[in-house]
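**Q** So that we are looking at the same thing, I have put the structure below in structure tokens.
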Amino acid sequence: MGALRWLFWVGLSYLSCCRLPRAEAQFPRVCMTVEAIRSKRCCPALGPDPGNVCGVLQGRGWCQGVQVDTQPWSGPYTLRNVDDRERWPLKFFNQSCWCTGNFAGYNCGDCKFGWTGPDCSVRKPPVVRKNIHSLTVEEREQFLDVLDRAKTTIHPDYVIATQHWMSLLGPSGEEPQIANCSIYNYFVWLHYYSVRDTLLGPGRPFTAIDFSHQGPAFVTWHRYHLLLLERDLQRLMGNESFALPYWDFATGRNTCDVCTDQLFGAPRPDDPGLISLNSRFSRWQIVCNSLDDYNRLVTLCNGSDEGLLQRRPRDSGEQLPTAEDVRRCLSRHEFDSPPFFRNSSFSFRNALEGFNKPEGALNSPMLNLHNLAHSFLNGTRVLPHAAANDPIFVVLHSFTDAIFDEWMKRFHPPDNAWPEELAPIGHNRLYNMVPFFPPVTNDQLFQTAEQLGYTYAIDLPGSLEESQAWAAMVGSTIGGALIALAVLVLLLVLFQHRKQRKGFEPLMNVRFSSKKYMEEA
């Protein structure tokens, strides 16, 4: 079953089928108590005073009922009140902190992305995400080192649930079924939880559900996912100016230029499916990979190690996307189109995700852009529930987000460009993205990167229309120049011809007499 998940992604198996919180989220550790779980109330105090709930004494926020999207959804998930991610997060909590102004976080103790200061009123200079190949040696090592540290550092604020909501308090009803998790493994767990199957019983998964792919939320969900990791890494380093780099995978090549020991690890000579022992990533264990086992046991990924990271870039002639693919994708004016799913045509989102051809036409058996890059790298990354285990996931999605940001800046879409209803479950504009907590909607991330505190040092190709207009202008210029040259040549020919005719005329107009020299006149 797990091996078929990627085929489900690419459409080959159609039968299956703004208040920004603090760091990553399943649920804050402070809220995973028996009392909080039973009351469904996650409104922690800010600081030592228990009365300072949500920072209310400083005017930072207050505790209130969670707002959820009530609009109908479409798509293959037709069940109701079966999955604990429906109307997220009401199965777990129905009250949380609502933060005022630029305050944010599960207890309103932080600032929104892009803001700083004691009252969160100062705009931070945006951090700049750079091409990973343009980083200095120091910047590169800093990034790789902090990733490695995040793999082994327990997340300071959040824990993961190891059981579904009905079993969250354990057999006795007194023991929360939770586990600590490292910062990076938490990043992996969030992605897994957003794509995991709905369970109808032991070994009876309903696979036609995905909260982070195959719909409009693909771009906003992964954007927020990266922002959370970026902030966690900044805090781990003590460097608020740190920014995630990106990997420009639109090279058109059949080689992986980040699969080197200087970056994410070359193939291991004696087993090309594993990472070279010269790379720090050769030691990385994956988590959340055993989807079939979780389904059979009716449980969730608990963050346990499940084997070494694998990667085997394809050598069968398959090529990565090209810059022309990016250009064509950026030429799509419409953000998304009905049915807002993997079979949407002439949709920027679907072209970027990779179910459409870059020019917008639907071509289900084919992979493009984001999907093609995943498929090309092969190994652990091919399965969506486990894909984030490979650190290349971070830089691949950073580039995908850069394309999304470029599109936002070029077209300035209105809010209603995003469907309010009848997108697949989790993908309506005001749906709370699963499994982030406190709740954050798709709409809150549907803005330019600069508004969220970061930018990209990137020069993406112009749109197809711009290219065609440029080609037309160049063509008309060249055409005009050729016409002018032809006229000039014609004038020169006429001038030369005239000169030649004048050359055969007598220099003096002389009349000759028929009389001989000696005769009298």
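Backbone N, Cα and C define each Cβ position, glycine as well.
The feature Zn(2+) A binding site is assigned by Swiss-Prot to H191, H213, H222, with similarity to another entry given as support. As annotated by Swiss-Prot, Zn(2+) B binding site applies to H370, H374, H397. Per Swiss-Prot, the feature N-linked glycosylation site maps to N94, N180, N239, N302, N343, N378; the stated evidence is sequence analysis. Taken from Swiss-Prot, the feature signal peptide covers 1-25, and the record attributes it to sequence analysis. Taken from Swiss-Prot, the feature topological domain 'Lumenal, melanosome' covers 26-474, and the record attributes it to sequence analysis. The topological domain 'Cytoplasmic' annotation in Swiss-Prot covers 496-521. What Swiss-Prot lists as transmembrane segment is 475-495.
Just tell me what is around each of these and how deep it sits.
**A** H191 (Zn(2+) A binding site): 24 other CB atoms within 10 A of its CB, across all protein chains.
Within 10 Å of the C-beta atom of H370 (Zn(2+) B binding site) sit 25 other C-beta atoms, taking all shown protein chains into account. Following the DSSP three-state reduction, the secondary structure of H370 (Zn(2+) B binding site) is helix.
For N94 (N-linked glycosylation site), the count of additional Cβ atoms within 10 Å of its Cβ stands at 15 [all protein chains shown].
N180 (N-linked glycosylation site) carries neither a helix nor a strand DSSP state and counts as coil. N180 (N-linked glycosylation site) is surrounded by 14 other CB atoms, counting those within 10 A of its CB over all protein chains shown.
Packing around N239 (N-linked glycosylation site) is summarised by its Cβ count: 13 other Cβ atoms lie within 10 angstroms of its Cβ, all protein chains included.
When secondary structure is read from DSSP and collapsed to three states, N302 (N-linked glycosylation site) falls in the coil class. Annotation for N302 (N-linked glycosylation site): spatial neighbours I160, T162, A179, criterion Cβ-Cβ under 8 Å with sequence separation of six or more.
A simple way to gauge crowding: the CB of N343 (N-linked glycosylation site) has 18 other CB atoms within 10 angstroms, across all the protein chains here.
N378 (N-linked glycosylation site) falls within neither a helix nor a strand when secondary structure is assigned with DSSP, and so counts as coil.
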**Q** If you average pLDDT over the topological domain 'Cytoplasmic' (496-521), what do you get?
**A** 44
**Q** Spatially, which candidate from the recorded positions N94, H213, H222, N239, N343 is nearest to H397 (Zn(2+) B binding site), comparing Cα atoms?
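**A** Nearest listed residue in space: H222.
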**Q** I need the neighbours of the Zn(2+) A site defined by H191, H213, H222. Which other residues of that chain put their C-beta within 8 angstroms of the C-beta centroid, in sequence order?
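**A** Output for this site, in sequence order: S194, V195, S212, F218, W221, H225, P384, A387, A388, H397.
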**Q** Over all shown protein chains, what is the count of other CB atoms within 10 A of the CB belonging to H374 (Zn(2+) B binding site)?
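**A** Around H374 (Zn(2+) B binding site), other Cβ atoms within 10 Å: 25.
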**Q** Other than H370, H374, H397, which residues of the chain come within 8 Å of the Zn(2+) B site, judged by Cβ distance to the Cβ centroid of those residues?
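**A** The surrounding set, listed in chain order, is H222, G354, L369, N371, A373, A387, F393, L396, T400.
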**Q** At the level of the C-alpha atoms, what whole-angstrom distance separates N343 (N-linked glycosylation site) and H191 (Zn(2+) A binding site)?
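**A** Distance between the two Cα atoms comes out at 22 Å.
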